[in-house]
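Annotation source TrEMBL lists domain 'Thioredoxin' at 558-699. Residues or ranges marked as signal peptide by TrEMBL: 1-27. Here TrEMBL flags 294-321, 341-361, 381-401, 432-455, 461-485, 497-516, 522-542, 554-573 as transmembrane segment.
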Amino acid sequence: MLALPRSVLPLLAALLALATAALPARAQWAEPGSSGWAETAEADVRLVAAEGATAGHETVTLGLQFRLKDDWKVYWRDAGDAGYPPEIDWTGSENVAETAIQFPAPHRFSVLGIETAGYKADVVYPVTVRLQEPGKPLQVQAAVDYLICSEICVPGRVDLSLGLPGSGAGPTQFAHLIESWEARIPGDGARHGLALAEAVVETGGETPMLRVVVRADPPLAAAPDLFVEGPAELNIGAPEVTLRDGGGTAILRAPVREGGLTGAEPVTLTVVEGDRGMQVAATPQPVAAPAGGAAVLAGMLGLALLGGLILNVMPCVLPVLSLKVMGVAHLGGAERRTVRLAFLASAAGIVATFLVLAGGAVALKTAGAAVGWGIQFQQPLFLVAMIVLLSLFAANLWGLFHIRLPGAVGDAAARGGDGQGHGLAGHFGSGVFATLLATPCSAPFLGTAIGFALARGPLEIVAIFAALGLGMSLPYLAVAAAPGLARALPRPGRWMLTVKAVLGVALAATAVWLLWVLSAQVGTRAALAVAGLMVAAVAVLGARTLLPALRGGLAGATVAVLAAVAFTVPWWGAAATPAAPVVPTAWSAFDQPAIPRLVSEGKVVFVDVTADWCVTCKVNKAAVIERGAVAEALKAPGVVAMQADWTNPDAAISRYLESFGRYGIPFNAVYGPGAPQGIPLPELLTEGAVMDAMARAGAPAAG
């Protein structure tokens, strides 16, 4: 036996690796009806057949299958801003008269403003082959050229061969696979219950907008996408989608970025929602932008202003509003200028926070994430931050510590404040804090305004949120305009010590409520750990009067360490599976696909979208849902009560809310034979509103 020196072995291994890499694809053993896989570093490719023989067929159906690795993707027939679809050269094939490759419904990919359409993970392109001589053997030679992309793009080519006998075999094992992908090819929409209601081009604005209206029966479960094919110079952006009638109507508005549509250019519209799709030809005609758009926006701004004002009397904000009343008492004897600046600073804090929330909503929406009013309360770290702040505010009210700003900062703050250390920064911070605590509350008109904003573009979102902030700050602006109002309160005295103690208890109770919300997200043990750390922090602050060693910076450092540890607690339970939502026995878990079936059986369905952090939801339950006539009606035969728990992020619930143009909770809807699309209810429920909706939903539909 020939022995090779050890030094030669690495060289041979390297040469073998280079030789292997030089091969463009490696074919595996072929199963009947398959070409076998051609393997590459990015994907495996093969050709499969639905029929096992050509006998009895004028055409046979093949499938070009890509099994993609990692994050690689291949393209649809109109790849978009970059890429190209697979192309097949049939040279050398026998008994092939004509071929046609078809494309299942694509997905949209957006990277740095580049929009493309294609597929990830796995895709089968159905291919129809018309035979020259039915009943004769078929021999296919397919040279497939394709582009496959991830962070880089790689042109690929594989050579595939497949033969079918003239007779003797039925459907192959691949027939169902090919049929499942044929079902995803968008047709005229009838098969998927989709129909085109309108296709026009809105002109008059800075950018023309293609508006497409689609009717859906059954209703759409999520916002659909729109792909437009037309002249080579045509460039249509991603659409903004508004769902109405519980998903029965979709309005898609897409910017015409290049190659404007003048009414003479026919285009192909492909609407895709999951595995449902519709492909129709249309010639969109130019129309003026909908009249009254400015009036509608003005009306929504008015609703936002009113909704923000009402937020001041919602349960979430009352503790902080009470703190502001205490601040007014401190300012009772101050100069008018000092009072005015203090309340203007608070108003500025409110408006600034709403603008930050608007920026976050725009960023999340641009990134394709779910957006909604109060969704930050679904994040454990935000909850911990609020618990820490509430605990420190309570300790401050109990007199356990006082905030002292250093040096020139404190002097400047005092000059702008009340001379008591309540500087402009503190007043600004109270406005920020009030806004953050307001977000788990909903108020009349608030949901309508938020839904309008989040269904539209960045400018509308910023405008509506700014109006909300202005509305919430109106009481502060009123005092700033009339500083004499501050003199109506009693002068500071011993009574304030009692009031401060009570307000401290109110803030501590708010922190306990947030701990309960936190326990639903990260578990009871983690929530108890945060509670223990905050109790320890308050105890350290209280012990300063008994332990001289704590009177210096040691107490502050200890509290800072305890707070820092509290922020790490949510990660302790991060590996644990979140607990399933606890649904009361009288309720069924939310199941949107089951609603049409239940309605067809003649039942009334009441849907309650709630969350542990939603204060208004708790008010609705206590005042309306769980008492009186409504509670009895929900227990009646033929009524199904569904509860959707949005305490933690849930994409299905977010899509459901979006189908009604809502982006916050509480949200309730009633379905029935008389209202198969659902009747949305107002944010603040009344017994009359719920019972009336249930009566209307239970009535058989006319006609």
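Using the three backbone atoms N, Cα and C, a Cβ is placed for every residue, glycine included.
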**Message:** Please identify the stretch among 341-361, 461-485, 497-516, 554-573 with the greatest number of Cβ pairs below 8 Å relative to the transmembrane segment (522-542).
**Reply:** 554-573
**Prompt:** Can you tell me how the residues of the domain 'Thioredoxin' (558-699) break down into helix, strand and coil by DSSP?
**Reply:** 61 helix, 29 strand, 52 coil
**Message:** Are the transmembrane segment (554-573) and the transmembrane segment (461-485) close enough to be called in contact, which here means at least 3 C-beta pairs under 8 A that are separated by 6 or more residues?
**Reply:** no
**Message:** Give the nonlocal contacts of the transmembrane segment (381-401) in its own chain as ranges (CB under 8 Å, at least six residues past its ends).
**Reply:** 323, 433, 436-437, 497, 500-501, 503-505, 507-508, 510-511, 514-515, 517-518, 521, 530, 534, 537-538, 541-542, 544, 555, 559, 563, 566-567, 569-570, 613
**Request:** Mind looking up the mean pLDDT for the domain 'Thioredoxin' (558-699) in the predicted model?
**Result:** 83
